[in-house]
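Take a look at the structure set out below.
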Amino acid sequence: MHRLLERQLKRILGANYVVDAPMQRLLDVVDSYYHEAEKEQRLLKNALIVNTEELNAVNERVRIQNAELMRTLLNTLSDGVYATDLQGNLTFMNAAAEQVLGWSEQELIGRPAHDAVTFSPDGKQLVAPRMPHLKVLAGGEPSEGVCELNCREGRVVPVEYRARPIMLDGSMNGALVSFQDISARQQAEDDLRKAYARIQETVAELEFQKNALDQHAIVSITDASGKIIYANDRFVAVSQYSHAQLIGEDHRILNSGYHSREFFKQMWETIARGKIWHGEVRNRRRDGSFYWVESTIVPFMDEQGRPQRYIAIRTDITDRKNNEIAARMARERLDLALEGSSQALWDLDVVADRVYLSDRWSLIVGGKKEESLMRSGEFIGRVHPDDQQNVRMQLGEVLLGKMAELSIEFRCAHQRGGWVWVYSHGKVVEQDGHGHALRMTGTNADITERKQAEEALLKSETKLRTLYDSTSDAVMLLDEKGFFDCNHAALQMFGCPTKELFCSKHPAELSPPQQADGRDSVVLANSMIARAMEAGGHRFEWLHKRLDDDSVFDADVLLNSMELDGRMVLQATVRDITERKRAEEQLRSAKEAAEAASRAKSEFLANMSHEIRTPMNGIIGMTELALDTELGPEQREFLGMVKSSADSLLTIINDILDFSKIESGKLDMEEIEFSLEYMLRDTMKSMAVRAHQKGLELLLHIAPDVPDRLMGDPGRLRQVIVNLIGNAIKFTAEGEVELAVRSLSFRADMARLCFSVRDTGIGIPPDKFNSIFESFSQVDASTTRHYGGTGLGLTISSQIVELMGGAFDLESELGKGSTFFFTLEMKAVSARTFSDYQQTGSVANLSVLVVDDNAANRCLLHEMLSSWHMRPVVVESGRAMLTELERASAAGTPYALTLLDVHMPEMDGFSLAEKIHQTPEYAVRVVMMLTSEGQRGDAARCRELGVASYLVKPVSQSELLDAMMTALGEPHQKSATLITRHTVREARNRLNLLLAEDNAVNQLLAVRLLEKLGHRVTVANNGIEAIQHWQTGWFDAILMDVDMPEMGGYEASERIRQLEQVSGEHIPIVAMTAHAMQGAREACLAHGMDSYLTKPIDTDALWRELEALAESIRGGEKSVEPVLDRTVRHRAAQVVNFDDVRELVDGDRGVFEELVGIFLTDVPRHLQGIRDGIRCEDAEAVRHSAHTLKGTVGIFAAERTIQAAVVVEQKAGQPDIEEAVLELEAAVAELVTAIEGYHWS
């Protein structure tokens, strides 16, 4: 600052003056002028021409200029400024002050400043010391503050002032005051305070509203894209999502899937246009549950009209929605209930006198739906005239409050004529303040059917009362006190003159003291009554007593409990059954007589069976042996006829015996352990010859999962299978017959097995499926003529399967074949299959090549070989096999074993074997052959070609495995023994046997068969010789005939067992008997025998029995498990079955021819013995000759001849024997003709 200016200011304001910002700006301007003035002064000084006057003039000009400059500067300020001298008189006032105060400077110069400006708002002059300039003049100190200045026009102006002393040469020269009009600022501050107060109030109100909103509403704010940027606590609590989980997500996090896309599209389109959207939304909580909200979404738009934010305010309406749903469901249920109950709603507006009727009413009365609203009088006018008064009266009573509800039945007119019965029920639901009824609702129900039923019931009751009084049965009603009603028949039945007298009697007086079984009548009657009351009814027989003569009679009593007049009573219906009892007694006597006749028939059948089977054994066995010898064509034809006739006769006899047992209910089933595989194998072997003679493939397929050791009746099971396979062979001209067994289920120890026999024969038409199981029935008469048979086979088989707990089923297509199924549930001794018992380690992993032109055979062999863990490859022709052998040889992996089918087109098995034999490069270790039928010379050819095994199909698992292991056990040489099923059997133990048999034919047959199996045989002609041989020799077992001269098998067995008690030993005794009836086996066991075989002798059964003996001896056991009963073998209906005879002699023609020779020699001798015995009246001789003849023909299974011999044996010594002898001679002649006509081939 310029020094002159600073000095002046110090002089005016004092040395310690303080300059504020506005003043500083003024001083800065003044200071610049001082510096300019100083420059000019320096110029003046430099001129040296300036004199004092000029200098003074210059100073004055400068002062004036400075003063003007100061004034100009002060006038440019927006703040008002005025100055006073030490007396307070105004010395200066700028333009801003003039404008504020309304006074000009000239008007106030020299006057006291406070006279013009110091007035308070109320018009009173302020106290002088409070004036700003006076404060400074009084104290010499600066002052700041706010005061009010009085304007010229009387307006008071609030100002903010700053007052400073004016110092000059160190002493105060006056006061300078600057002020600023703050009326606008005060107004703004006042407005601001008011606005702030209003804002505070608004904020408080908004905070209150927000708290209230947060307490009851779900609030969220989203950005323009719908992302949530704010969610209140209520939103978090209801949705179960946290704030962190909600912020940044959109509302799809709550989507329940309930609303359609169109719903949300319409919502977004509304708020995007800046419009408020309102609606109900179902959301999903975090836990998956649903809740309903009533939502209002408000969009906030920017200046361009685009949405910036969306605020959504929601209210939880879940309870309301649930209530609405519940109410809707209740309405729906009510509608359904009314619909189902045929009830119509009605609603009566009492004030308007209008009654509303639901649509159901139009269905009840047949009206139109538009007639559902009418006046009450109009409605009552449609009521039947007889019912109108009652309707009006009850309705009025309810409306007046005299009755709580309306409940009335009346008739109403139907639009199509007639009347419908209506039940109306209702009550008042709305009243005014005085209790007057305003509205009444209820339902109308169509009860026409009920009324009709009541009317019908009334008629029925009348009718029943008539019947009650007219029935011949006594009917009484009684309660805990006794009788209270009865009909006229009761009075007559019990000999009582009046109903009153009858009802006065105690029920005990109508019965004797004791009933027929000796029990007390009163005690027993109470028990019967209690049972009837508990169960609702009870029927029983009772002894009643007449009241007039105390006579007792039998009665049938029916007690029924019933409700009558609100109490439980009993109705007793009594029928006199004296005549019925008499008829039952007569029937019982007749039944006992019939049972006696049945027992006689059973005994006759047992004897007949025994007598038939003994000669049939000789006939069948010897015929088969004879056919195996060299015969001429005519001889072979005759012997064939003999065998065929014998087989047919035996089959017929067996069928008739079994059918008789079934009819009488005496066909008992055994429950023994057996091997399913062995039983099926032997069964198939017995059928193989017949199948092969017709050129048929006979297949056996046992599924790998079928258990082998089962409990059941193997004999009966074999009988069924033989019948089915026999029929299949009979009715099949070409193709194959397959027996298959598979497991359907296995739970605990019970196996459910399905047996099926399939053929490619003539088939059965569907309309005959049921009839073929009927007795004596075949598909048609031509079938019987063409194929023969009794028609009993399937009937017996189905009955046996039913007794075993199974059922038959059939599938067939005419001309293509049939499949018979039956299922059995059998107890499995073990879950192990047959292959589980076999040691297959030596053949495991061996490669084997199989050739067979039959697809089923290939499948069976592949499955069988795979079950032993071999590596089979199967081909369908010889050329395919040679190709495979060449491939394996070239690859260096030759086959260890080959299985060749003999009978194949183009190249048969022998041609293949010859090719393999001639080609060492094939490196085949073992060649085995399978054939459908063995031919003479085949064994020699096999040896020449190096074939190790030659087996006849069907081949069982055990036979094939044994043969393979035998063949693979040692290097094969050309001279090695050919392996057949017999050599497989013979590899087992050989036995030393004692045969007790009196019949020469049976002796020869048994000896030849046993020796053929490799056993040593000693023959005894009767029981005495058997005991002598046993005591002097050593034997593994005894085969004991039951019926022998001098001493029979039973007595001999008992004697041996008595002698063994001393030695402590036990020799197995196997019975051989022609008795085949139920109980024969038990009789043998009861006499000390260990097992049981029936005649004719079954080669396979005999072999199984001996195998069991060998196993018993090897294991050190002393008992033998019984084997299959010969009686179950089902034969074709022929005179003699040469297939069975050939099997019986095991294919040995020499044995067969020898048996035939003995038979033809012995039969005439036995017939002559019978004639001689009759002539000499020697009944015992007749009986012995007939019995011996029966055993002789039994070998040939000549059932007719056996039966005829049985009859002769039974009639020995009787006068009517001649007819029986003639029948026997005719049967023998037929049998001889068949045997002589058979040709062994």
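Positions of Cβ are set from backbone N, Cα and C atoms, glycine also.
According to TrEMBL, the protein carries these features:
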{"type": "DOMAIN", "residues": "66-111", "note": "domain 'PAS'"}
{"type": "DOMAIN", "residues": "277-329", "note": "domain 'PAC'"}
{"type": "DOMAIN", "residues": "330-402", "note": "domain 'PAS'"}
{"type": "DOMAIN", "residues": "406-459", "note": "domain 'PAC'"}
{"type": "DOMAIN", "residues": "607-828", "note": "domain 'Histidine kinase'"}
{"type": "DOMAIN", "residues": "847-968", "note": "domain 'Response regulatory'"}
{"type": "DOMAIN", "residues": "992-1110", "note": "domain 'Response regulatory'"}
{"type": "DOMAIN", "residues": "1148-1238", "note": "domain 'HPt'"}
{"type": "MOD_RES", "residues": "Asp901", "note": "4-aspartylphosphate"}
{"type": "MOD_RES", "residues": "Asp1041", "note": "4-aspartylphosphate"}
{"type": "MOD_RES", "residues": "His1187", "note": "phosphohistidine"}
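This view paints the features noted in TrEMBL onto the structure.
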residue : record              : Cβ neighbours (10 Å)
Asp901  : 4-aspartylphosphate : 26
Asp1041 : 4-aspartylphosphate : 28
His1187 : phosphohistidine    : 26
Rounded Cα-Cα span from the residue listed as 'phosphohistidine' to Asp1041 (4-aspartylphosphate), Å: 13
Calculate the distance in Å between the alpha carbons (Cα) of the residue listed as 'phosphohistidine' and Asp901 (4-aspartylphosphate), and round it to a whole number. 47
When the pLDDT values for the domain 'PAC' (406-459) are averaged, what is the result? 89
Specify the secondary structure state of Asp1041 (4-aspartylphosphate) as given by DSSP, simplified to three classes. strand
Give the residue counts of the domain 'Response regulatory' (992-1110) per reduced DSSP state, in the order helix, strand, coil. 57 helix, 24 strand, 38 coil
